[in-house]
Amino acid sequence: MVKYKVTVYTGSNFSATTLNKVFIKLVGEDGESFRTKLVSLKGSSKFSVCTDLDIGKVLLIELDKQPILLTPKDAWFVDKVCVKTPDKKVYTFPIYRWIDDTNVHRFREATGRTGILLQTSKNTRILYNISQIFLFSWHVYADGLPHCIKTSGLASLPCEVQFSFTKTSEMDLWWINFCRLLELNLKGLANQRTLWKDFEEIDKVFCNKSTDISEYVKKHWREDAFFGYQYLNGNNPILIRRCTSLPDNFPVTDEMVFVHGCKSFSDEMQKGNIYLCDYKTLDGVMTNVINEKRQYLVAPLVLLHKTPDDKLKPIAIQLKQTPSDDNPIFVPSDSEYDWLVAKAFVKSADFSEHQLNVHLLRTHLLAEVFSLSLLRNMPMVHPLYKLLIPHTRYTLQINFLARRLLISDTGVFTQFASSGGKGMFTILRRSLSSMTYTSLCIPDDIAERGVESLPNYYYRDDGLRLWDIIHRFVKGVLSYYYKNDQEVKDDVELQKWIQDIYEHGFLSQDGIPQSFSTVEEMVKFVTMVIFTCSAQHGAVNSGQYDYGGWMPNTPITLQQPPPIKKGTATECDCVFHVGWTLPLIWSFQAGLGCYPDFHFSEEKPLNLIHTFQEELIQLSIKIKERNKSLEVPYTYMDPSEVENSVAI
């Protein structure tokens with residue numbers, strides 16, 4: 001009789017333990033143990049598991065849980081299992097998931113391995129993650145959108161992807177939304193059917209809910225320089241691009257914007273001083289009907305000029321894509337209110353572009369695809385699983401809640417935004433069909449947009465530094481496991497992961513990687529995944545209340561049509577009917593670089609994690625030091641403020 005010492009680590013979170021019977025079996029190269037019952041599971045529990053003969057190298061363990069008579073079936077959260085052999089060798093099996101059924105669950109040893117199949121002592125092949133494929137199934141939420149997890153409701157989500165702190169999170173989140181909307185309803189604002197009287201009335205909602213930046217926004221939102229600044233460091237910092245030639249549908253002339261002929265477009269474009277923001281994705285979108293009234297949304301073109309003092313100011317705005325007599329080009333020399341109304345329509349368009357394309361699609365929905373493909377295709381000991389699992393935390397559940405509470409037929413966005421309803425799906429489909437791989441990789445995106453030298457672009461500066469830090473970390477870890485390109489080509493699990501992302505996330509669009517041929521290709525794509533799920537989400541999510549709390553700066557819907565001629569706008573026209581919701585601002589605080597669970601066991605990747613964390617700390621120090629001298633600090637890509645995953 002050979003005796004193995006087994007230590008089972010039950011999670012420390014609430015209700016992690018179980019009253020059910022738990023059984024374990026060890027599977028080795030030369031045999032298997034007896035199926036052994038484990039009792040008194042709490043914290044770290046030690047047991048003995050016996051075999052007739054030495055089973056050799058331990059390949060995997062099998063765990064199953066069975067209810068005791070009259071005892072209800074309850075879930076059990078396991079952190080890890082350690083097995084010590086008679087010759088003192090220790091094998092560690094990371095688990096970090098709930099087991100809530102009576103099925104047999106198989107877990108492989110922690111040392112990073114690739115290849116989906118394992119050879120057992122009986123020369124039978126065990127397809128390790130076949131149960132995961134059925135547990136995490138794809139679902140088409142809407143045609144033309146990235147696919148999502150198939151689930152009949154919150155309770156049917158696999159336990160390991162649900163919020164760990166409580167099983168009533170859906171009710172908690174619903175209650176937050178309900179209370180905030182109730183507050184607005186009590187003030188008679190959320191369902192207001194008349195125009196706002198003046199900015200003072202809007203301020204009644206804004207008061208007592210401000211941040212330092214939102215107070216700054218309130219004071220400076222009318223200013224052209226601040227309007228331009230937000231294209232660099234506000235909620236939508238990825239739209240602006242250098243303009244090298246004026247679009248055919250934007251007939252701006254030198255005489256319109258350069259008074260006294262002191263400058264020309266050709267000269268300023270050659271110097272790199274002219275920039276364009278084009279909202280063509282919004283063109284012709286069917287707008288929402290709120291309180292039985294059709295809302296308005298435009299698809300503007302905006303030209304901006306970098307001034308000699310390094311300010312970025314708008315110099316021309318055309319509110320619709322097709323030039324015509326009833327689609328005037330507004331310039332700063334127009335009347336104060338003509339210009340302010342034009343900028344307000346642009347800011348409303350920017351809200352829809354940001355929320356649907358930049359925020360929802362390019363972070364939330366893509367992060368869900370990355371996460372779901374990982375859970376479907378990667379065993380827990382695969383290097384990529386270990387590397388990416390912290391960046392998937394809570395994403396599937398937060399997106400489930402978003403589909404139910406924000407973009408469903410009765411969702412908050414659907415009810416109160418001009419682009420809610422059918423228009424929302426039109427924008428999402430167009431955005432996905434025009435998305436490029438280049439635009440998801442910030443070094444390539446910055447170069448492609450021609451904004452490498454644009455001053456005061458802190459999103460670019462911090463983002464490029466973060467990309468470099470993440471890339472070095474990813475390259476170090478994956479190069480440890482993949483010694484050459486052939487190993488990448490031969491990894492079935494890895495290739496299936498990227499193929500699933502290509503098919504179910506990008507819907508098999510040209511230009512998106514669908515397989516990996518080299519280590520370098522894999523490293524770049526994985527860097528993009530981590531950057532998207534952490535830094536990019538922070539950049540487009542964290543400033544929502546700062547820049548959107550003062551409603552005139554980010555009107556989510558406009559009740560009046562766009563002006564068709566100049567000289568008619570008044571101050572009253574600048575106070576738009578706005579339906580408004582407060583962005584959720586709570587967070588799970590699992591910071592970038594946080595790897596709390598034991599997944600990696602080898603010394604090299606553990607050292608790389610430590611180096612990664614140290615580099616993030618140093619970058620955070622530099623960003624904080626820079627921000628001391630800024631009138632408007634840029635904190636959204638400070639590693640100490642960035643979440644590890646899309647969890648909010």
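Backbone N, Cα and C define each Cβ position, glycine as well.
Curation plays no part in TrEMBL annotations; they are all automatic predictions.
As written in TrEMBL, here are the features:
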{"type": "BINDING", "residues": "D74, A75", "note": "Ca(2+) binding site"}
{"type": "BINDING", "residues": "H359, H364, H537, I648", "note": "Fe cation binding site"}
{"type": "DOMAIN", "residues": "2-113", "note": "domain 'PLAT'"}
{"type": "DOMAIN", "residues": "108-648", "note": "domain 'Lipoxygenase'"}
{"type": "SITE", "residues": "W98", "note": "site 'Essential for stabilizing binding to COTL1'"}
For I648 (Fe cation binding site), the one of D74, A75, W98 that lies nearest, given that the recorded positions are compared by Cα: W98
Which binding-site residues sit within 10 Å of W98 (site 'Essential for stabilizing binding to COTL1') - Cα, from A75, H364, H537: A75
Residues in the domain 'PLAT' (2-113) grouped by DSSP into helix, strand and remaining coil: 0 helix, 61 strand, 51 coil
Cβ atoms near H359 (Fe cation binding site) (within 10 Å, other residues, all chains): 21
Cβ-based neighbourhood (8 Å from the centroid) of the Fe cation site, residues H359, H364, H537, I648 excluded: L360, T363, A367, I398, V540, N541, V646
Binding-site residues (H364, H537), the one with most neighbouring Cβ atoms at 10 Å: H537
All-chain count of other Cβ atoms within 10 Å of A75 (Ca(2+) binding site): 19
Overall pLDDT for the domain 'Lipoxygenase' (108-648), taken as the rounded mean: 86
Long-range Cβ environment of D74 (Ca(2+) binding site), under 8 Å and at least 6 residues apart: S15, T18, L19, N20, D100
Those recorded positions listed as W98, I648, and which of them has the most Cβ atoms within 10 Å of its own Cβ: W98
Pairwise Cα distance for H359 (Fe cation binding site)/A75 (Ca(2+) binding site) [Å, integer]: 34
Inter-residue Cα distance where the pair is A75 (Ca(2+) binding site) and H537 (Fe cation binding site), in Å: 32
H364 (Fe cation binding site) and A75 (Ca(2+) binding site), distance between Cα atoms, whole Å: 28
